[in-house]
Amino acid sequence: MRAWIFFLLCLAGRALAAPQQEALPDETEVVEETVAEVAEVPVGANPVQVEVGEFDDGAEETEEEVVAENPCQNHHCKHGKVCELDENNTPMCVCQDPTSCPAPIGEFEKVCSNDNKTFDSSCHFFATKCTLEGTKKGHKLHLDYIGPCKYIPPCLDSELTEFPLRMRDWLKNVLVTLYERDEDNNLLTEKQKLRVKKIHENEKRLEAGDHPVELLARDFEKNYNMYIFPVHWQFGQLDQHPIDGYLSHTELAPLRAPLIPMEHCTTRFFETCDLDNDKYIALDEWAGCFGIKESECLSKGSTVREDKDSLFAAVCVSVLPVRLFSVPG
């Protein structure tokens with residue numbers, strides 16, 4: 001279980017850290033999140049540092065060869081596209097050939113599209129989607145969830161009622177776990193740690209466990225204030241491209257896509273959060289889905305603070321256990 005937690009923690013954290021280019025509100029472009037990619041860059045490594053090898057201590061001096069900088073080196077292309085140089089040596093983004101994607105190393109790299117087709121990896125999916133740009137099919141095609149396509153049972157009304165109770169408790173436990181593990185002070189900001197510390201040290205806090213929904217509902221009523229920050233924190237973790245107080249389909253994808261195979265009410269829950277059906281979930285809509293009072297969150301027209309110590313600062317980690325709302329151990 002711990003291995004799964006660590007893998008999925010890195011998986012979603014990397015998804016949030018990667019820049020995304022918004023296309024249309026109903027499209028989703030999830031970060032290509034494979035285990036191979038996660039292992040590429042060790043924690044703390046400088047992402048722009050180039051490995052040049054060790055210096056030779058030879059007695060004779062040699063003239064240093066000057067290598068021209070590749071214009072594509074710092075030219076970013078959205079998922080499904082790669083950089084190529086035109087006849088004037090100017091970088092441009094072109095659709096990637098799906099056959100050029102790395103071969104998958106396991107079932108966990110596969111993804112399922114909304115037309116119920118399994119792709120070998122997210123690279124294969126986005127490369128294929130790029131070739132359909134400008135077409136009706138391409139406009140409607142998006143990545144639905146991580147993993148091979150499978151039968152997702154319908155979400156019953158009773159199950160939909162239970163979903164936010166369990167997810168709300170899970171978010172609280174995730175924050176407490178991050179606080180306990182944050183030895184290097186790189187998981188939570190100082191202000192966030194102060195907030196979570198109050199939850200962690202509260203004797204009334206319901207300990208992590210597989211609790212019945214009746215107990216979760218009673219605890220929310222008795223200890224309401226413990227749940228406000230975890231709900232806001234998750235919103236801020238997702239609201240990054242751009243930071244504007246709204247969650248687009250793309251921004252929601254790093255949380256939504258890994259959950260669907262494990263929690264079949266995920267899609268319906270997030271659909272019900274969008275009260276005005278504008279394809280965006282505003283902060284007040286998000287808070288309302290979890291039972292947080294409107295007075296406890298910013299109004300729909302408010303400006304979200306962008307400083308790193310704010311409530312909405314991104315935390316480059318998310319815990320997604322095998323059964324979503326179980327507790328990280």
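Using N, Cα and C of the backbone, Cβ positions are placed for all residues, glycine too.
Automatic prediction, not curation, is the source of TrEMBL annotations.
What TrEMBL records for CYS72-CYS83, CYS77-CYS93, CYS95-CYS130, CYS101-CYS123, CYS112-CYS149, CYS155-CYS265, CYS273-CYS289 is disulfide bond. Taken from TrEMBL, the feature domain 'Kazal-like' applies to 94-151. The signal peptide annotation in TrEMBL covers 1-17.
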Shortest C-alpha distance to CYS149 (disulfide bond) - which of the disulfide-bonded residues CYS72, CYS77, CYS123, CYS130: CYS123
Minimum Cα separation from CYS265 (disulfide bond), reported as the residue among disulfide-bonded residues CYS72, CYS95, CYS289 that achieves it: CYS289
Under 8 Å by Cβ from CYS93 (disulfide bond), same chain, sequence gap 6 or more: HIS75, CYS77, LYS78, LYS81, VAL82, CYS83, GLU84
Using Cα positions only, nearest of the disulfide-bonded residues to CYS130 (disulfide bond) (CYS72, CYS101, CYS112, CYS155, CYS273): CYS101
Disulfide-bonded residues (CYS72, CYS83, CYS149, CYS265), the one with most neighbouring Cβ atoms at 10 Å: CYS265
Count of other CB atoms lying within 10 Å of the CB belonging to CYS123 (disulfide bond): 22
Integer average pLDDT (0 to 100) for the domain 'Kazal-like' (94-151): 94
Whole-number Å value for how far CYS155 (disulfide bond) lies from CYS95 (disulfide bond) (Cα to Cα): 37
